[in-house]
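S.K.: Annotation comment: Swiss-Prot describes Asp13 as active site, proton acceptor, evidence class sequence analysis. The active site, proton donor annotation in Swiss-Prot covers His41. Annotation source Swiss-Prot lists GTP binding site at 12-18, 40-42, Arg313, 339-341, 421-423, citing sequence analysis. Residues or ranges marked as IMP binding site in Swiss-Prot: Asp13, Glu14, Gly15, Lys16, Asn38, Ala39, Gly40, His41, Thr137, Arg151, Gln232, Thr247, Arg311. Residues annotated as Mg(2+) binding site in Swiss-Prot: Asp13, Gly40. Residues or ranges marked as substrate binding site by Swiss-Prot on the basis of sequence analysis: Ala307, Thr308, Thr309, Gly310, Arg311, Pro312, Arg313.
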Amino acid sequence: MPVSIVIGSQWGDEGKGKIVDLLSPDVDIVARYQGGANAGHTIVWDEEGETEEFVLHLVPSGIFHEGVTCVIGNGVVLDPKAILEEIEKIESLGIDVEGRLKISHNAHLIMPYHKAIEAAQEEDRASASDDDEIGTTGRGIGPAYTDKFARTGIRVVDLLDEDVLRRKLRRSIEEKNAILRDVYDAEALDVDRIVEEYVEFDQKIDDYVTDTSAYLSRALDDGARVLAEGAQGSLLDVDFGSYPYVTSSHPTAGGCCTGLGVSPTEIDRVLGIAKAYCTRVGNGPFPTELDGEVGQALREKGGEFGATTGRPRRCGWLDLVALRYTCMVNGFNELALTKLDILSGIDELKVCTEYRYDGKTTRRFPSEPQNLTRVEPQYETLPGWEADISAVRHVDDLPRAAQDYLAFIENYLDVEIGLVSNGPRRSQIITDVQPMAAA
């Protein structure tokens, strides 16, 4: 198992953190390949009978497992203040981070002006039209990636040379202040304060910085097992999602190679993570969205509030048209289905199997947002189940209707479900699922 990838197959918040946490004891390295502190991976574990919850935004979830090294790759945009706060919080739990966290010297940095510009942009969009507002997390992710691809960004390696950092920072801040003042009529930032603050980060972050691509290459040559994790979900990919209501990077499988510097030939497992229903945060088309009591019930029972922003998530029925699309884009050879327990108590479950558009039905997912807003989901209705399944550990102990639900998904997608999560805790997992399609 050279490299396995864990990928969100919907609009994010699928439960990737729990699955990475589950798989981490069997690997040597867990590596994050894109995104920034706009993603929140929630880990819930049991220690001596007590349940504890921890939300990670940047450090891979493998940090909770002794002997596992964690990597933040070059594809990540890094907020130095956020990463240092997260490290401090992890260490306060008695978990050793020293020597176990490696940060790419080529990762780009998120600066205060990125957050200021993002806030100004969102305010400007909102004043123009509610439909134009993308609904970002306010963490400066988009503007940081903008600078990266404009080749004006500041990278982690720049923190290590004070003269270079001061020169680049002053030039960038003066440029961004002109945009804030003249375009958005917003308050300018204090150049000297930001320069001094970021010069200090060098002393605190230096021990973690390395060429992570070279590190991973050597580790793979030595037979290391690597688990790569993305942030957000495939339907938020900047190229393959519902543009412009997307993130600014590539959560899809291809992002792993460019975000870590590993060869595609090293990848042998692509594991898609999907909820048993759908959720979405922020604006953008959502064909199976439920506005009534069922949607509210899913939100409350599933705790569907953003781990990063706290915003309520929009909830809807499982969309197999969309999931089939992300299976195609990523080449999943296995799925993990999460939050199956949340569906207990619903008499009838609807699953979207086709879209109706312009008088015709199709199984093709239209990535163009203007078309996606006009499709009408066509549903298959499946029987629900009443039983609380959160204590089930073997697939044969699930209610027949729950087993049929899993089999229906497998048959439609032609992808096996290898894992089923039926609760937030580490122990709430069913691993003997295959082959459900034959059930």
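Glycine residues also receive a Cβ, built from the backbone N, Cα and C atoms like all the rest.
Distances, neighbours, how buried they are, the whole picture for these features please.
M.R.: Following the DSSP three-state reduction, the secondary structure of Asp13 (active site, proton acceptor) is coil.
Neighbour density for Asp13 (active site, proton acceptor): within 10 A of its CB lie 29 other CB atoms from the protein chains shown.
A coil conformation is recorded for Gly310 (substrate binding site) in the three-state DSSP classification, outside any helix or strand. Within its own chain, Gly310 (substrate binding site) has no residue 6 or more apart in sequence whose C-beta sits under 8 angstroms from its own.
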S.K.: Could you check the binding-site residues Lys18, Arg311, Arg313 and say which one's CB has the most other CB atoms within 10 Å?
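M.R.: Ranked by Cβ atoms within 10 Å, first place goes to Lys18.
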S.K.: Look at each of the binding-site residues, Gly12, Gly15, Pro312, and point out the one with the fewest other Cβ atoms around it within 10 Å.
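M.R.: Per-residue Cβ counts within 10 Å for the binding-site residues Gly12, Gly15, Pro312 bottom out at Pro312.
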S.K.: Within 10 Å of each Cβ, count the other Cβ atoms, then let me know which of the binding-site residues Thr42, Gln232 comes out lowest.
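M.R.: Result for the binding-site residues Thr42, Gln232: minimum number of other Cβ atoms within 10 Å at Thr42.
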S.K.: Could you list the residues of the same chain, at least six apart in sequence, whose Cβ is under 8 A from the Cβ of Leu340 (GTP binding site)?
M.R.: Ala276, Ile389, Ala402, Tyr405, Leu406, Val420, Ser421, Asn422
S.K.: What three-state secondary structure does DSSP assign to Thr42 (GTP binding site)?
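M.R.: Going by the DSSP assignment, Thr42 (GTP binding site) falls within a strand, counted as strand.
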S.K.: For Lys18 (GTP binding site), what is the secondary structure state per DSSP, taken as helix, strand or coil?
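M.R.: Lys18 (GTP binding site) sits in a helix per DSSP.
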